[in-house]
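Peer 1: According to TrEMBL:
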COMPBIAS  16-25  compositional bias 'Polar residues'
COMPBIAS  26-35  compositional bias 'Basic and acidic residues'
DOMAIN    236-337  domain 'Fe2OG dioxygenase'
REGION    1-35  region 'Disordered'
Amino acid sequence: MNHQNEIMIKEDTTDENGLNTMSDQENTKKGLGEKWPEPTVRVQSLAESNLATVPDRYIKPPSERPDQTIIINHQPQTAAINIPVVDLNSLFSGNEDERERMSEACREFGFFQVINHGVRPELMEAAREAWRSFFNLPVEAKEVYSNSPSTYEGYGSRLGVEKGAILDWNDYYFLHYLPLVLKDLNKWPSIPSNIREVLDEYGEELVKLGERLTRVLSSNLGLKEEQLKEAFGGEDVGACMRVNYYPKCPRPELALGLSPHSDPGGLTILLPDDKVVGLQVRYGDTWITVNSHPHAFIVNLGDQIQILSNSIYKSSEHRVIVNSQKERVSLAFFYNPKSDIPIQPLQQLVTSTNPPLYPPMSFDEYRLFIRTQGPRGKSYVESHISPLDN
Ligand code: OGA
Ligand code: NI
């Protein structure tokens, strides 16, 4: 499908709820146009130029810098505390302890890891290695996939369009799986030669995993198994992937690989680097470095789940630290609601003592916050709370 058709289809979408369906043209009007506010600098290029320090644009103010002791201990064994591990096979065989562990993790952390999840370890490995090869290509080979703020698809190096913003120490690749009208293989890398085939299968498997997890979340919330998926738009759910590449950083104590944020969408299923830690989850006033179980996926709940569950489940705030020894690659797969339907607290989870905390908003509108302003902790979901006195 060519680009022109894609825009026409989006414009033809009827919006019986009075919500904005954001077309590329409307994004352009809102400032998410075809150009970044400044020339793009690839972090990989900076890392390869053997700088003694990092450029000012990447230096965080002192209060936002990561804790130095954690960076020195970048080895998984020494740095990390495990987040709850849920054995999905066992859960689906009726093990109530597993179900309870997942339920508790969703209420407390918004974060857990899953093992025996049904995705072949060879496929996970193949996807990670394909992306490692891609990011190891010379920067020039990747520039043909250079992205723009209007859709974010392709090779990028910043989130947000604010001129002069402090940037994170990563390059990334963003692509769509669902809806099928947005899946465009021409926007996927073609090198290494097997990458499209591997990514296609990986996407199919992760959509299935996203569905299974959504069913468990739904019944753990006391809803019918299918209800959460229905609220996501049924067969019209969205799915996309952001692959993160964190080059070595000469001054890891001054910068962040990814600033604190919660994911704006539904569920995130992360395949972390198997050799290098970096992901940290906020727990109260501390940041816990995630040490992942071999062959596990790390699952975290996004803002749309917090909204649909009326805050029974919390989206998690997380960030990524970098180090001077090893680069890191992670694959973040996002299982999202259909982008143009209203998302609001589910009726069954609203009572007179628990009134709806959030007004309806489509995911397209919601994600504009992060797409324009970049990562800002949990401020978007927190500012979205309905004023109770109205
Ligand atoms: C993300 C993310 C974590 C990581 O892409 O949203 O939080 O470990 N990634 O790279
Ligand atoms: Ni994230």
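Yeah, the Cβs are placed from backbone N, Cα and C, and that goes for glycine too.
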Peer 1: What mean pLDDT score does the domain 'Fe2OG dioxygenase' (236-337) have in the model?
Peer 2: 96
Peer 1: What does the DSSP secondary structure composition of the domain 'Fe2OG dioxygenase' (236-337) look like, as residue counts for helix, strand and coil?
Peer 2: 7 helix, 45 strand, 50 coil
